[in-house]
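Residues or ranges marked as [4Fe-4S] cluster 1 binding site in Swiss-Prot: 30, 44, 47, 53. As annotated by Swiss-Prot, ATP binding site applies to 84, 85, 86, 87, 88, 89, 90, 91, with the evidence given as sequence analysis. Among the features that Swiss-Prot reports, [4Fe-4S] cluster 2 binding site is placed at 257, 260, with the record citing sequence analysis. Annotation source Swiss-Prot lists region 'Disordered' at 1-41.
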């Protein structure tokens with residue numbers, strides 16, 4: 001039995017918060033009808049919903065957070081992957097990161113796709129045709145390999161080409177179910193792939209995971225200034241939301257020819273690129289990953305680029321990023337990716 005998008009099947013029953021019935025759309029600067037400031041904030045003055053929000057049931061802690069915390073208690077490390085702009089290869093990088101961590105057979109890795117409207121992880125992992133199964137223990141992730149599992153809304157769509165046209169609250173509800181109802185079991189690493197920008201999904205993930213502990217976020221950019229412009233906003237978002245920044249990764253830094261291994265600059269770092277930005281913003285720089293056309297091919301075929309092309313400069317760069325991230329979260333890089341795995 002697979003969960004339905006119309007009537008999701010929760011693995012646990014828990015009381016939900018009471019949301020007021022509004023008589024008008026929420027204005028632009030609304031603090032949120034379920035927030036502590038609902039009906040009381042300066043932005044509420046003159047709003048048709050002010051009396052309704054102010055008199056609704058007092059807001060308390062989300063009752064699902066303790067359930068989520070308990071559910072995720074067997075996961076040692078939780079890592080967010082963020083980007084300020086779309087198209088920088090964030091989801092591709094998330095899949096590469098997951099494969100690289102899982103290249104150590106002693107590690108068990110989960111990859112959660114929270115890009116509700118643009119899920120691409122199942123395609124990249126080669127499990128696009130799979131569906132989610134539900135048991136008394138919860139939703140079962142789709143296992144790509146023996147030690148690498150994935151979860152995405154794509155597994156729940158009746159037609160893989162169906163558009164998901166949802167507003168924030170419904171997307172947030174599904175993300176909550178991913179965290180509350182998915183039976184990951186014992187994991188060494190849970191990598192959470194997020195949509196670009198600083199949207200509702202990011203706020204939900206941060207709020208719901210805060211109690212269970214998030215190790216931090218890896219921010220992905222490309223060298224050109226148009227990407228760095230939004231990365232600065234992403235860094236500011238992390239600092240305001242209290243999310244630790246593990247570091248910045250510069251993706252697509254140069255094109256590596258598979259034939260001769262020469263490197264050509266495709267996206268020129270007109271303002272110094274990711275390394276200079278990281279230094280200026282006071283965050284760690286985790287490394288640059290060159291552009292290899294075989295990365296796209298591996299993702300299209302749902303294969304592990306790291307395993308298929310271990311000698312590629314891009315593979316070596318990804319493994320070095322994994323070692324850097326491991327060090328940032330308090331793990332021994334030589335145990336996460338032993339020398340024999342690095343040499344493969």
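Heads up, the Cβ atoms here are built off N, Cα and C, so glycines get one too.
Geometry remark: residue 88 (ATP binding site) versus residue 47 ([4Fe-4S] cluster 1 binding site), CA distance 40 Å. In this structure, 87 is the one among the binding-site residues 84, 86, 87 with the smallest number of other Cβ atoms inside 10 Å of its Cβ.
Cα separation, residue 90 (ATP binding site) to residue 257 ([4Fe-4S] cluster 2 binding site), rounded: 22 Å. Neighbour counts of Cβ atoms within 10 Å were compared across the binding-site residues 44, 47, 53, 257, 260; the minimum falls on 260. Summary: among the binding-site residues (30, 88), the fewest other C-beta atoms within 10 A of the C-beta are counted at 30. Within the set of binding-site residues (85, 90), the lowest number of other Cβ atoms found within 10 Å of a Cβ is recorded at 85. Reported as a whole number, the C-alpha separation between residue 257 ([4Fe-4S] cluster 2 binding site) and residue 89 (ATP binding site) equals 19 Å. Residue 260 ([4Fe-4S] cluster 2 binding site) sits 65 Å from residue 47 ([4Fe-4S] cluster 1 binding site), taking the Cα positions as reference. For the recorded site, residue 88 (ATP binding site), the DSSP three-state label reads coil. Local packing around the Cβ, expressed as the count of other Cβ atoms within 10 angstroms, is greatest for 91 among the binding-site residues 89, 91.
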